[in-house]
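Summarising the annotation, TrEMBL assigns divalent metal cation binding site to 58, 59, 97, 323, 327.
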Ligand SMILES: [Zn+2]
């Protein structure tokens, strides 16, 4: 679960979503994991047969509120099987769509897009500024401690901080145990004002590290909210191909690389393709955004009749590569990411992925 939080932070999930641990106990010890797009009977049977103790899917197995668990019906039957065999079920849905390195980025990689940006930014990390007053003798220790705790990241630079020298004054009151000065006497000390920037979510950790490294009984510090934001995340991506290609050629490449047997095209103009916008799953809602951002083509799944008409109105080429088509790659890719994480942390876990899932739609 810690690995999944790294790969697809829960904070990135859409409000209506239901990611996370859906069946099981967070304390359960996991030895074998299978990843998949959907939790269905085939996956559950494979998990039982091959003794997997956790299934990680993209689509949440439990999405709508359950009002009954009838074991004579498909859903109830699967829940019963999962519980009986002690198999945990976890989902990373829209948080995995939005996350850096998530499904949308996997598609960009597959199609070799560069200059990739978010299509629809829906999360921007809140940043704060920390200013701490520390005696000159301990300025370096405090600066390094807060840097080690994760403060001071600006782009690819870490431990960023600014120091200003000045004079601190204080009067220790009765009952104190001052590091410098005496009770009842105003002390004046050469101090440094140390400033740095950090994500609001790690504020407590940084303050703890700062207080630990600070010599004073009462460390004087301030935290300010900032208008600027840090890392962004969001659904969909927009990027550029290495070279301009005709629409049909691009569409054929999409079909080939996704290893699917059909795609649907809404061809609205003869423009060659350079700028590509995409959103895995059902992303027709970002069609106008793709047009506004100057995309030559928009690729998504689950396109409806009126959405195809909208593409014509907007004069943007549209490819419906299917919901399954744009997302099945997640099963293998997620297994790979988890495996890397497990190896790095020396976890003895076996990870596999659902190799038999098929698009429910077939073409005649
Ligand atoms: Zn989906």
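Quick reminder: no glycine exception, Cβ is built from N, Cα and C everywhere.
Feature map: annotations from TrEMBL on the structure.
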residue: 58; record: divalent metal cation binding site; contacts (Cβ under 8 Å, 6+ apart): 36, 37, 38, 91, 92, 93, 96, 103, 327, 330, 331, 334
residue: 59; record: divalent metal cation binding site; contacts (Cβ under 8 Å, 6+ apart): 37, 38, 39, 91, 93
residue: 97; record: divalent metal cation binding site; contacts (Cβ under 8 Å, 6+ apart): 103, 104, 235, 279, 280, 281
residue: 323; record: divalent metal cation binding site; contacts (Cβ under 8 Å, 6+ apart): 281, 282, 301, 302
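Sitting within 8 Å of the Cβ centre of 58, 59, 97, 323, 327, and not among those site residues for divalent metal cation, are the Cβ atoms of 37, 93, 103, 280, 281, 326, 330. Secondary structure from DSSP puts residue 59 (divalent metal cation binding site) in coil.
Residue 327 (divalent metal cation binding site) falls within a helical segment according to DSSP. Taking all protein chains in view, 24 other C-beta atoms sit within 10 angstroms of the C-beta of residue 327 (divalent metal cation binding site).
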